Amino acid sequence: MSKYKLFLLRHGEGAWNKENRFCSWVDQKLSEDGVKEAQDCGRLLKEQGYKFDLVFTSILSRSIQTAWLVLEAMGQEWVPVVKSWRLNERHYGSLIGLNRAEMAVQHGDEKVKLWRRSYDITPPPIDESHPYFLEIYNDRRYTTCDVSKENLPRAESLKEVLDRLLPYWDSTVVPEIRNGRTVLISAHGNSCRALLKHLEGISDEDIVSVTLPTGIPVLLELDENLRPVKPRQLLGDQAKIQAAIKKVEDQGKAKPST
Ligand SMILES: O=C(O)[C@@H](COP(=O)(O)O)OP(=O)(O)O
């Protein structure tokens with residue numbers, strides 16, 4: 001029997017998702033399509049009768065904007081939104097800003113897939129010479145974190161995302177769920193994958209084939225130990241969801257399959 005419902009959401013399409021560039025800790029806003037995806041997501045959740053008590057987001061605008069649009073479409077704008085860098089997207093290090101398909105031409109599809117989807121491979125770190133270094137590390141939001149700026153990551157594997165996310169999950173999110181609050185986590189492809197790996201006990205090998213499309217809510221039904229009682233449900237039109245997953249997978253290919 002399911003005791004709790006938890007919703008995970010990768011934000012709506014961001015400007016750099018559209019341009020097929022690794023966005024990561026660069027603070028891009030939603031694209032026009034991304035705004036629509038977030039609104040459609042909110043409408044779907046409303047139609048299905050879901051009600052949230054609390055929303056968690058990263059400190060990146062695309063996840064916050066998505067949360068607001070979802071709540072607005074549901075008529076639940078009053079629901080508190082709590083933000084933490086620990087839900088940020090994976091730090092893609094020196095890959096930030098690069099085009100995935102161009103990287104696949106240079107390094108091959110397999111290498112790009114390893115960088116994007118493997119569990120414990122950390123991409124090369126970002127350094128001061130990187131064009132987006134100052135934009136990220138001089139941003140005031142990173143003075144508000146519970147670790148000093150010097151100790152914030154310079155690149156992360158999915159494992160390292162889980163390592164920084166889990167203390168927050170355990171200390172801040174879990175108590176709310178256990179208190180009976182229905183929680184939405186509006187975050188990112190890889191911060192949601194890391195959490196799914198933890199909750200569903202997905203192996204290091206199998207996590208490679210888990211891909212989340214933008215703007216599609218993932219419903220997890222959990223027992224009293226916060227273990228899923230059934231497979232995750234991606235809500236919405238299943239054919240469209242499969243096509244969206246394939247589109248995300250194809251972003252890392254030199255020549256997308258047809
Ligand atoms: O950093 C990014 O560009 C994407 C993930 O990229 P991939 O892991 O899919 O390459 O994160 P998100 O759009 O969820 O914030």
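Positions of Cβ are set from backbone N, Cα and C atoms, glycine also.
Unlike curated records, TrEMBL annotations are generated automatically.
Within the same chain, residues at least 6 positions away in sequence whose Cβ sits under 8 Å from that of His11 (active site, tele-phosphohistidine intermediate) are Leu30, Gly34, Ala38, Arg62, Ser63, Gln65, Thr66, Ser186, Ala187, His188, Thr214, Gly215. Residues or ranges marked as substrate binding site by TrEMBL: 10-17, Arg62, 89-92, 116-117, 189-190.
The annotation active site, tele-phosphohistidine intermediate is assigned in TrEMBL to His11.
What TrEMBL lists as active site, proton donor/acceptor is Glu89. According to its DSSP assignment, Glu89 (substrate binding site) is coil.
What TrEMBL lists as site 'Transition state stabilizer' is His188. Cβ neighbours within 10 Å of His188 (site 'Transition state stabilizer'), excluding its own Cβ and spanning all shown chains: 28.
In sequence order, Phe22, Ser24, Trp25, Trp115, Pro123, Ala155, Glu156 make up the list of same-chain residues 6 or more apart from Tyr92 (substrate binding site) whose Cβ falls under 8 Å from its Cβ.
DSSP classifies Arg10 (substrate binding site) as strand under the three-state reduction.
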